[in-house]
Structures are given as structure tokens and as C-alpha cells.
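Worksheet: one structure, shown below.
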């Protein structure tokens, strides 16, 4: 049954004239809403569409026509029979939005900048003044109009959203308006209002005059201004006062000009001139171009302008929503030079300014909502916009008025939820929305978005609550798929990496790369010196600091040039050092040549690595989950922290603090130079340096018998053969304390400067620059402090001549001639241990670097990485250089130093992590600098070793950030009420989390014990043991718990996915059957056959039917 609104006497509604009905009011309206079946429903398509239900609205009021809430052109169904209460988790608004938004692969819409201007009255003068703005969060002009508020989350009243919904239902909606100037837009809107009977023709000029008033924007001025700025402001003030004196005549001239233009024609061209004091131009003015706020607005953004105000000549609101075909520059309407695409106008009678302002804030907040902005761009009619508001209401959260002060501004969250999660409810295979009808009689059945509503049998949810909020599955990239072909994985890695090879070089030309190179370079040379010295001690200088420098430079640069993942940094590791020591001791005890024996072990290990590459053995890495990754990376981080502190404590042994110093016995502390017992009359060269106060004029050449030994310095005394005598001769200034200051100061300052990026001081670019170069600034500062004090702190010593550390060895190791023949095949067994160590170290580090949290867009290359590690192992074995493998901590530090974030972010929005600057330049430059460090020895000798130990400590601590294991360890020391809101704490019982963490701690302790003893030779085997332990955890923990605190293993992952697909298919088939079958009415539902109640306008009975767009209904 379709009702003609005009015949029924329906008038348009004033959305702001909402009044609470009093009990004593005569003839109250009765609104009865219930769903009516539409059997003309089309069958669900591939997207799972279900047609919306319909709602019939009654009003019984004698002598007074019905006020319509529905839009025009809406049909109703009057068929009787049983009502179809389909159990659905989606609201009709969500169904309609799915049809509006279409496919997800379409190009994204521009970001919207929304500005709200309110009409200000000053006597007879009026102007539009900017009162708030939005990009993501709301910023208000503070009281007094001198500054912007902090960005905050918009808090809207539910009533304002309902009023906005009614505004769009009753007002003028112009979609795809072909206009390019504000006067033309205003004329089109007014003409449409007059045609629809919403505005009297005699008010045309007055409304147009108000809407074309001058726009004054909020500008921010710095507190400290230069003299030039003060001079400009004074001259500007003089010109402003001159203009203000002639404001009255200008007003009349503008009004007269308006009458003349409108009397001639209503068709304006795009080059029409402004008719107001605003002098609206098509091009941005100087103030707009100089506005620094433009930096916060993303590129290619568009604007939506909201104009709200009250006037005394209107008796009902003037409401319009406009979308332009093409965005247009409206001159001074917008604060920044951004073209306008949307315009919302609300002018109403006087006395309701606060209500108008709240409606304006509501539409402005909706326009910056990710989902509603997409709806606004793609809406085809008024009903689509209403559906967008209804979807917003489906997800809205209401705060009780007695428990929350609306004046409190909510700080923007650190992480804003994506609109993709809300879009996912448009599919039948997804759980329901936040809000919806309960039971079976509403438009959307039970959709508990938090996991509760989707699981009930009566709610008709698709799946359980666990499925609704399960974390992302353990994703295995295509790089780890077993091909079954000889070198199949390696060939695919090469094909994947070749297209990216040119960009791997030009992507590295960025300022951020400089700080990354310096940071990693200092870490690498410190590592090379440390492990070089330890190798020299362990192998009797067959391998030392010089071999460590050259090997690091050669292996690292070749790997970064040709590997699959150039962000990985190669270095010597602790297990390799232990293996080298055991191998040297075994060779020495059995009379074998160490270098030749080592060469054959390296060759066999290289061949074994190539066999693993040829058979795609790297695919077993997919069984390495978070459990193994975190255990390995945490162990390496602890090793770095432990070694840094151990080195620092060692300084206290060489330069102890003088704890025996007693101030009372200061007179007994002395040290003097004593001549040798037998002093010959031997003369010495007079060119030898003496103390400044030594008298050398009496003896030339120098005669030791005539020398005053008590005046010589310590260095002179020892050089002339004298000896030091006294209780204070062994006193050393507090070098240990100074070393600790340098060590801890470097670490703490680096940590502070890294966090400075997120502080509130200085502009964003300055903070970013300081954070990127934090390591460099810290090293330079504390090197300067050390130089100022002039204490003999231990310095960095780099070899200055390129030659082997041991004089009796060369740069090439002969494979034959020094060991028995059986050594060559027998070396396969120790080579197998080395291969396991290399494979696990390399591939676990690669998994950590390539994890999805780093958002790497270029393909990984596990097989290609292992191939080059094997080749480099053979090359280093022939040249007698150390073996190299991926260094976990330094690689993580390399990733962190190259992270990219959004350059422009909305006020209040945290910079979004974009990914990592993937390139080969930084790695190659680091290792080239390491190689030429031999020639930089005169400069590097000024760097104190405690400063480099501080860099080591920072690397170890920084690599612990973001590790879930470390966060779970902290929970042992926190009461439950103070624990952070981690996602796994919401879904897994705390005792199960503690049990899982204890298992990891025990495994980590066992690995640490093995690493610290001679049993470290089996360390790589124990890393494989972590994978076995993880598989055994499936017997203790459920797959649900493991999905949150770890990852599901691949075969379990596949089973879970197949089970979910099967369950969703069954639910989808059941939903289709229920749509085709009529169901019985629940006992709580009253059925009213509409065909039996005819519309009778004479008796005041009006039946108005409209399409049901949501579970929300708002009646005035």
C-alpha cells in the first residue's frame, strides 16, 4: 500500500522543534513500528544481500495532519501472513551500505578536511567565524578565540545524531551538483528549497545575503614575534580600522548588488564574482597559502564545509546537504587552500543556537569518519545517506550522563581502529555489529561485536565469539613453500628479487640512511674488535683483529649486494667463537694443522649449505613460531647486555677505585723518582724530553750523575732507568668512575633522544632528526666530555697496517700437505654441527627480520641468503678469515634505524608506521667503512671504549622492545588491576599465560647454561629442540590460547581454517533456507494486518509506510 503524502496532508518536519510531550497533552500521537515481510525479496547474491524489512508508522490525531519522517518515494508492503523474522547478524543499513560501497578494490576516496563556521552577529553586521575543524579529531577554538584546543575525540549527544538524521530526511539534498563557485551553489540550493516549498520566495535575498557573508578564520600567532612582524601587525591594524569605518556603506552596496544580479538571472557562470564583503575568489589568498596547518593535511585532500547559524527571519530551519560533481576552490570559505567537495548548511530560527551547533558537530564528525565519508562520496540518493547514519548509530557507544562529564576532552588513542573491521560486517560470513536487535524479531540479530552476541543460538550469529576476535593466523610467505624441484626455491628467490634490484639502490638515497650507516658502523667495528681480540686469544693469533676487520668488510659487503634480504647484517657470533676455540685445542692436542683442518670443515659446511638450498630445506622454518623466535632473540639480546656490562666491570679491575684512600694520612702519601742503584757516568741524548723546570744548561750532553731525579716526571723517570718509590705511586685517578659515566651516559642519552621523537617540544622535523641521529649525537657528546677531562680512559685501538696478525701465516690457506688424508673426509662430522649452527642462526634471524610487523613490501629470499652464506664460508675458509652469519641484534637495530612513518598526520593522530626503507646502500656502506677503518685509525683512537660498550647495551635493550615474552615476564610483578590492556590478556586466563611464560624462561635458562659452558658446541641442536618443545605445547594448551600467545603451527592452522570455512558454509546455507521459508511469529509480537486498516484522512487516520533502513526510529 503506497500513500501519497501530499493527499494525506503530510508536511515537512522541523527537526529542531523537538519537545517532550506532557502527560496532560490532548490527543497524543501513537507510533507503532513493526517489521512487515516483503515477499518480493530478491534471492541473495554472491555478496549475501538480504532485502530490508519495512516499517509502517501510524498516527492518530484528529484534526491534525501526520508529520512525516520518511523520505519521498518509499514503498510499503501490505501483504498479510506470517512475518519473516530472518536471523541475521547484519542490520538493513549494513546491507544497503554493502551495495553502496561496492567492491573493495576501488581507488580510495580523498581524505576530508572538515571546517565548521558559525554565524556571528554584531549589531547589524554578520560574519561566519571558524569555530572548529576536523581531519581525524576535533579541534575547537577556545573561549576568547586566541588559540586552538588540543585535538580530542568528538563527544556527541545521541539526540544531535537523531536530529541530524531527521535533517537529512526533511532538508534539501543535492548530490553531484555541477557548480564551481559559492554564489552559484547558494543560488541552486535556494532555488531547490523554493521548488520544494521549504522556503518562501520572498526570503530568497535575505538567505542568500547571510550565506555569502565574510568568513573569518582562526589564525595562530607565535608568542615571540620579530620587530618586522610587529611592524606589519601595526600597519595591518591601521588598515583594518580604516576599512571598518566604511563597513556600513559597503554592506548596502553589497545588498544592492545582490538584488540587481538576482533580478536579471539566476544562471551564474563559474567566473561569477562574489557579492559580499568577503570578495570570494577562485584562487587561495596569501594567508591561506602561508597557513602552516596545510602541512598536516594529506596530499590531494578535499574539504567539507559546515555552516550553522540562527537568524530572526526564518520560522523553520533552512537545511541543505550538497555534494559537488568536482571539488572546487571556494576562496576564503576554507581555512586552507583545499578544494571543497561537500557543503552542509543549517540556518534556523533564533533561540536554538546550541542545538544547531551540536547538529553541525555531528555532521562534521560523520564526514571525517572513514566509513561515512565513503558513503557520502558514493551515495546515490537521500536514503543512502540515512543508511550511512544508521550504520554509524549501529556502532555508536553511549556513556551514562551521571558517570561522565561531557566537558572532559578525551585524548586521541595511540592506535585508531581501522574502518575495515566495520566493513567486514557487510558479509554474512562475518560476525554481527556492535548494536542490533536481540532475539529473532529485529532487523539485525544479536551481533555482539565483542564476542558475546555472535555465539548464542537464539541470536543467529554466524560463529562463536572466539572466531569473531581471533588474531591473525600464522602467515607463511610463498618464499617458504616447498617446490619439489632441484634449486626450485633459489630460482624463485632470484626471480622475486630481480625486479627490485634497481630500487634497492636509489631507495637508499635518503637522509635517514646516513644515521643508519653511522649507527650500524659503530656497532660493527665494536663487534669486530671484540670478537677479533677474543679469536686472537682462542687461536694463538691465527685469527685476530685484522682478520676480523677484513672478513667483516668482505663478507658483509658481498652479502648485502647479492643476498635476498640485504637488511640482515653479518657478524661473528658467540657459538662460532666457542667452536673455533675447541677446534684449535683439538688440533693442537693431536698435532694437526689448525688452518688446514678448519679449511676442510668450512668447505664441507659450505657444500652442506648448498645441499640444503638445492632441496628447499628452508621450508622447515615455517615451524618456527613466536615461541622459538622470541626465545632465540631474547637470548641474543641478553648476551649483548651481559657482555656490555661485563666489559664495563672489567674496567674496574684494571683501573680500580681507590677505596683505601684516607684523608687523615694524606701527608704520608708521596711518590718520587729514585736513581738506579749503580749510576754510570753515561751520558744521554739531550734531545730526550725533560720536565719543564729541569735545568739543562749545566750539562750538555746530559750527565745522569748530575741529574736531579726528584724533578723528573713519571715517563722521564722510567725512560732513564729510574724507579718509582712511594705509597701513592700506584694511584690512578678514578678512570673506572669516568668510564662508567661515559658508558651509562651514552646508553641513557641515546634512549632519551630516541624517545624525544614522541615529546611535545620543537617541530616534528626537528624531533625526527634528533631521534634518527641519537646514536651519533650521544657518541660525539661523550667523546667531547672525555677529551675535556683529559683522563687516560681506554680508547679504541684499530690496526694501522694490513697484514696477518700472526707473522708466519699468509692470506691463502693451502688445502693439502700438512694433515693426514683421513682428516679430509673426517671433517664432515664437525662440519655438520657448524652447518646446523649456521642454518639456525641465519634463518631464525631472517624470520625475525621478515616478520609481518615490519611491513616489508619487497620479497624475502631465504634460499638465496643461505646460498651466499655457504659461498662466503668457503671463501673465508680459503683466506683464513672468520666465519660469518646473521647477527640478530645488529640486524634488528638496522631495521629500527630505517623505519618509516607518515610525514603528515592529523592533529592528535600518532604517526603511522609505513614500513622499513628496504635497500642495499646502508649495508654496503657500513661494511666498506669497516674495511677502510684501518686507514681511519688516527681518528678512531679518540673514541673511548666505554662509549662503544654503551652502544652495545643500547642495542641489547632496544631489541627487547616489542617482544611479547618480555611483556609477559613483567606481568609476574604486576597486580591484576595494574596490568596493561594487552589483547592476549582479554582472551587467555592469566594462569595459562604464566605457565606458557615459565616454559619459555626454563628453555631460555637452559640455553644460557649451554652457552656458558663447553657444551656450547651443541647449542645449534638445542635451538632445534625449541621447535620440538613448541610442538609438545599443543598437548598442554588449546589452539585458542596458542593463537593469542603464540602462533598456530601450519598443519593446525590449515585444520582450523578448513573447519571455519565448513561452518560458515553451513550457516550460509541455513540462512538461505530460512529466507525462503516463512516462520511463525514470536508470542511477544503483535501482528496488525494493514490491508484491514484503510487510510481515512477525514477522521485523522493516516498510514505512512517507508522502507526499514535500520533498527533506529526517531519520532517527534
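Every residue, even glycine, has its Cβ placed from backbone N, Cα and C.
Keep in mind the model is a prediction, meaning the values are calculated, not measured.
With respect to the membrane, Swiss-Prot annotates residue 812 and residue 1043 as residing on a common side. Cross-referencing 694-714, 799-819, 841-861, 946-966 with Swiss-Prot places the feature transmembrane segment at 946-966. Swiss-Prot assigns the feature transmembrane segment to residues 1009-1029, out of the candidate ranges 484-504, 673-693, 967-987, 1009-1029. Checked against Swiss-Prot, the range among 422-442, 443-463, 632-652 recorded as transmembrane segment is 632-652. From the options 866-886, 887-907, 1034-1054, the stretch Swiss-Prot describes as transmembrane segment is 866-886.
Among 559-579, 820-840, 923-943, 946-966, 988-1008, 946-966 has the largest number of CB pairs under 8 A with the transmembrane segment (731-751). Looking at 516-536, 601-621, 923-943, 946-966, 988-1008, the range that has the most CB pairs within less than 8 A of the transmembrane segment (820-840) turns out to be 601-621. Listed by sequence, the residues of this chain that lie at least six past the ends of the topological domain 'Cytoplasmic' (887-922) yet keep a Cβ under 8 A from its Cβ atoms are 135-137, 139, 150-152, 295-299, 411-412, 414-416, 500, 503-505, 507-510, 512-513, 515-517, 519-520, 523-524, 527, 560-561, 566-571, 573, 632-633, 636-637, 640, 772, 841, 844-845, 848-849, 854-858, 955-956, 958-959. Here the transmembrane segment (946-966) sits apart from the transmembrane segment (601-621); fewer than 3 CB pairs are under 8 Å, leaving out pairs fewer than 6 apart in sequence.
Between the transmembrane segment (559-579) and the transmembrane segment (988-1008), the number of CB pairs under 8 angstroms, six or more residues apart, is fewer than three, so the stretches are not in contact.
Of the candidate ranges 516-536, 601-621, 866-886, 923-943, 988-1008, 516-536 has the most C-beta pairs within less than 8 angstroms of the transmembrane segment (769-789). Taking Cβ pairs closer than 8 Å, the transmembrane segment (516-536) reaches residues 543-549, 552, 556, 569, 571-572, 577, 580, 643, 647, 773, 775-776, 779, 796-798, 805, 882, 887, 890, 893-894, 897-898, 922-923, 925-927, 929-930, 933, 940, 948-949, 951-952, 955 in its own chain, all 6 or more past its ends. Per-class residue totals from DSSP over the topological domain 'Cytoplasmic' (967-987), listed helix then strand then coil: 15 helix, 0 strand, 6 coil.
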